[in-house]
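Colleague: So that we are looking at the same thing, I have put the structure below in structure tokens.
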Amino acid sequence: MADDAGAAGGPGGPGGPGMGGRGGFRGGFGSGIRGRGRGRGRGRGRGRGARGGKAEDKEWLPVTKLGRLVKDMKIKSLEEIYLFSLPIKESEIIDFCLGAALKDEVLKIMPVQKQTRAGQRTRFKAFVAIGDYNGHVGLGLKCSKEVATAIRGAIILAKLSIVPVRRGYWGNKIGKPHTVLCKVTGRCGSLVRLIPAPRGTGIVSAPVPKKLLLMAGIDDCYTSARGCTATLGNFAKATFDAISKTYSYLTPDLWKETVFTKSPYQEFTNHLMKTHTRVSVQRTQAPAVATT
């Protein structure tokens, strides 16, 4: 009976999974009871976590002194970091300070190639702008073999490059600041100039600078560009360079009040005005000595 069962449909029979008979698997890897994976599928998959699932959010463990201070709430805003020009080396610091207000947008994804002995190696370059629409903006670019990896890396680099944006008024100081404080210029291949505009004008510019200016929280601005603006990467970098220079100018309202100290003649004028008895000094002339 056992021989009949094995011949009919058992593991060793023609109808069993170990043979290439009718209705069964053909030989090779993965066939039979002791096949590839041993009943656990074709492996656990690649990437983050199990196949088809999402990686669990892990708690942020800072690795720098600045990260520890931010997580322990010793530093509560980015302005305290910018005040002392401390380098930000963890993107989680930006997430911790700005939180859900931070928005990102992919400006462009372009393929780039490198000639090698084996042929052309193609990678993808991603340009990502990030900002909170309230005075903070960043720009990042990353190359990778995969588009998703390039975008993810560009977002991290954009967070690390976030700069504060100084805003001002065009005329009367009524309401909230709405435009750039003064004329600023940025250069990266092409030259971009930002000019203050009256309230209600909007952003008069090309689409790429307009996205960066909106993310920076600027509502009204004139722009002018010179050079080759068709290269999106250089155009975006020049705009970001101009925006980052808004805190580079020491405007008169930031000048420290100069305190002049009086000279002793001015400080003791009343004392010098008092009448004093004049002391006359008689000069006595020494008698001449005759020499022989």
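Cβ coordinates are placed from backbone N, Cα and C, and glycine is handled just like the others.
Below, the features straight out of Swiss-Prot:
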COMPBIAS  35-51  compositional bias 'Basic residues'
CROSSLNK  Lys54  ubiquitin cross-link
CROSSLNK  Lys58  ubiquitin cross-link
CROSSLNK  Lys274  SUMO1 cross-link
CROSSLNK  Lys274  ubiquitin cross-link
DOMAIN    102-165  domain 'S5 DRBM'
MOD_RES   Ala2  N-acetylalanine
MOD_RES   Thr251  phosphothreonine
MOD_RES   Lys262  N6-acetyllysine
MOD_RES   Ser263  phosphoserine
MOD_RES   Thr269  phosphothreonine
MOD_RES   Lys274  N6-acetyllysine
MOD_RES   Ser280  phosphoserine
REGION    1-56  region 'Disordered'
Colleague: In the three-state scheme derived from DSSP, which category covers Thr269 (phosphothreonine)?
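Modeller: Thr269 (phosphothreonine) sits in a helix per DSSP.
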Colleague: Mind tallying the domain 'S5 DRBM' (102-165) by DSSP state, helix then strand then coil?
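Modeller: Per DSSP, the residues of the domain 'S5 DRBM' (102-165) fall into 14 helix, 38 strand, 12 coil.
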Colleague: Tell me the Cβ contacts of Lys58 (ubiquitin cross-link) under 8 Å, same chain only and six or more apart in sequence, or just say none.
Modeller: none
Colleague: When you tally the Cβ atoms that lie within 10 Å of each candidate's Cβ, which of the recorded positions (Lys262, Lys274) has the highest tally?
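Modeller: Within the set of recorded positions, the most crowded position is Lys262.
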Colleague: Tell me the Cβ neighbour count for Thr269 (phosphothreonine), meaning other Cβ atoms within 10 Å of its Cβ, over all protein chains shown.
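Modeller: Around Thr269 (phosphothreonine), other Cβ atoms within 10 Å: 10.
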Colleague: Fill in the CA-CA distance, the residue listed as 'SUMO1 cross-link' to Ser263 (phosphoserine), as an integer in Å.
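Modeller: Cα of the residue listed as 'SUMO1 cross-link' to Cα of Ser263 (phosphoserine) measures 18 Å after rounding.
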